[in-house]
Amino acid sequence: MATSDKCCSVQLIDGDGSFNDTGIESFIKEVKLHECGLSYAVVSIMGPQSSGKSTLLNNLFYTNFREMDAFKGRSQTTKGIWMAKCAGIEPCTIVMDLEGTDGRERGEDDTAFEKQSALFALAVSDIVLINMWCHDIGREQAANKPLLKTVFQVMMRLFSPRKTTLMFVIRDKTRTPLENLEPVLREDIQKIWDSVPKPQAHKETPLSEFFNVEVVALSSYEEKEEQFKEQVANLRQRFNHSIAPGGLAGDRRGVVPASGFSFSAQQIWKVIKENKDLDLPAHKVMVATVRCEEIANEKFTGFTANENWCLLEEAVQSGPVAGFGKKLNSILCTSLSEYDAEATYFDEGVRSAKRKQLEEKLLQLVQPAYLSMLGHLRSGTLEKFKEAFEEALNGGEGFSLAARNCTQSYMALFDERCTDANVELANWDCSKVRDKLCRDIDTHVASVRAAKLLELTSSYEAKLNEALAGPVEALLDGANNETWPSIKKLLQRETVSAVSGLSSALSGFEMDAKDKEKMLTSLQDYARGVVEAKAREEAGRVLIRMKDRFSTLFSHDSDSMPRVWTGKEDIRAITKTARSASLKLLSVMAAIRLDDDVDNIENTLTSALVDAKSNAAVADKSITTFDPLASSSWEQVPPAKTLITPVQCKSLWRQFRAETEYSVTQAISAQEASRRNNNWMPPPWAIVALVVLGFNEFMTLLRNPLYLGVLFVGYLTVKALWVQLNISGEFQHGVLPGLLSISTKFLPTVMNLLTKLAEQGQSPATNNPQTNSGATAFKSFQNGSSSSNTSSSASSGVTASGNDIDYSSPPKED
């Protein structure tokens, strides 16, 4: 593997047990270990021969230890103990590759070196990797349990306590989850520790005082090389900064400086070589252990390749299998019977232990299939329950009765199918799956129940909302003394109806009395909430409602016809009536009155707002007059029922007065204009002056009738122009607008009159031309007068309508 650091290695201890003094000194100098002080770590690995220890180290730490050539056969590769510096790891990390245990090259009885090297590794290392095959978990020898037992005992006797990390590396991991393997290893380590005789000082010392136990699993290097390398790369990250607090290394108590590492290691090995207590178990037990393990592994491998098992496993992945328990139990019994036949002549204790381990491994292998079978039964039963439950509800059956009957039927069906799926040899308990099914059924029933109850509640709430919102809005729009009593009666009537309907609908749910009462109370509160919400909504538009009511009463008479201000109306009385009605609406909208409480809001508003002049007069006499509206709450009205506070009422009334004042002013102006138009005759003194001063002219007219004819024609002409130009109507809007309008229409009107006279002159004369001419002129004048009167009436109608509608903009010019 590529790395930026140079990797170098040395044989620390040869196969004969000789310590390489000169080699380790040269190695320390080359890697500059003596410069590290206490900032260094030592990692070692031990395990069975040909288990891939060197391969793991080379991939994990980028070292160059010699690896076994699988094509030349399985044999000893590493002899003695080799040491190398890890490349690319901080801080400086030294790794030791130990000679494998159980090697045939050293013979059956000469295993003292294996024990000594293992003990040496535990003594000098911060982290010890114990390499083992996944299928060896539980074996006495392959799992190094006897080795660890001896090492623990001798280590406590020889050396001062120091905390070491034991990392068990499980090689060629199978489908068994690591979560299932790790507890077994930890339990075995704890048992070994408990069984080791300890000095008096460490009688009660726990294992955690000396060791941190870690477990990792790696895939097969030969079969899954890419996955193996990826897992090793992830493991490598854990060795960076291993001696930091919380790192992979132990607590580093008693660690020697790097400059003294060579001497310390040499003395430790010397003490280990002189120890006489490191002996192997009996050869007979060892052979039985190895051979029974081999037979068990053969039977386990044969079981995994068994055609019947493979077909059964494949079938159960897609769905439930009839007779699953009997079929699987038969296959398991066959494999165990074959093991018993082949292992019958070996040590009984070892044989029984390995048979139990094989049985556990087989059951662990087939348990996922059994769980899949139970999962299919559970999901299938649940789906059928859901269908049957829905059909029962759609058929009109009561909710609780349908849930109870369907639950009993389908739980009995599940129990019957579980009995068929049970494996006699395993005696597994399916109660957890059964409990899961019960919880799933209960959850589904609860969800359907909640959905049904929500649907019922929402339905009645929607009915209440429809029955209350519109009528309440209409009642508040026509606010009067009977508004809130009418709303209260409406609320009581609709609430009683809705509560009665919901109570009947809930009878099939067999609800607790308290829960049922809670739902009915909630529906009553909802109905009241609808009314209160609508009242608050309308209260927000109270100013618009007040202006509408004022406009309706002020601009229309008792017959709902638009008023025409002719000068005879009492504007003051009409204004007072309209404003009183608007104030009544404000008092009704000021608070919610759904209870029997009595308040004096209307009297307070009337005295403070309508009788303002008398209040002002009193205020002139007494400066300390109290303003009843200078408050944020009403007397005898709680804040929760207040829609408009007194201060807000005062502000709204001020704004209302300001916005309606223009209508009153316009009405007064229209009334004065009407009076001026109706009084067009000159005053009496002017008439007397005309008679006195015009007496001579009048006598002249009497003496000369020709003047009288000319005046008569002039009068007709002026009258015709007066009518055609609608002078009285034009001057209703003011002098200047009237003059401008008449000036624009004067010339066309004169031309129109001349045109009509010309047409009359061209008509054929009769026997009495003068009479015909006079009649024709008179007829023409009548036609003109008629059309002028029509135009004048229309103009007057528009003006009156304008007076009633809007005075905010001046009239448009013709």
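Just so you know, the numbers here start at 1 and follow the chain as drawn.
Using the three backbone atoms N, Cα and C, a Cβ is placed for every residue, glycine included.
Keep in mind that TrEMBL annotations are predicted by a computer and have not been checked by a curator.
Annotated in TrEMBL:
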BINDING   Gly47, Pro48, Gln49, Ser50, Ser51, Gly52, Lys53, Ser54  GTP binding site
COMPBIAS  761-782  compositional bias 'Polar residues'
COMPBIAS  783-803  compositional bias 'Low complexity'
DOMAIN    37-252  domain 'GB1/RHD3-type G'
REGION    761-814  region 'Disordered'
TOPO_DOM  1-681  topological domain 'Cytoplasmic'
TOPO_DOM  727-814  topological domain 'Cytoplasmic'
Drop a 10 Å sphere on every Cβ of the binding-site residues Gly47, Pro48 and tell me which sphere holds the fewest other Cβ atoms.
Pro48
Other residues with Cβ within 8 Å of the Cβ centroid of Gly47, Pro48, Gln49, Ser50, Ser51, Gly52, Lys53, Ser54 at the GTP site?
Gly100, Asn131
Ten-angstrom check, please: count other Cβ atoms within 10 Å of the Cβ of Ser54 (GTP binding site), all chains counted.
22
Check the binding-site residues Gln49, Ser50, Lys53 for other C-beta atoms within 10 angstroms of each C-beta and report the one with the most.
Lys53
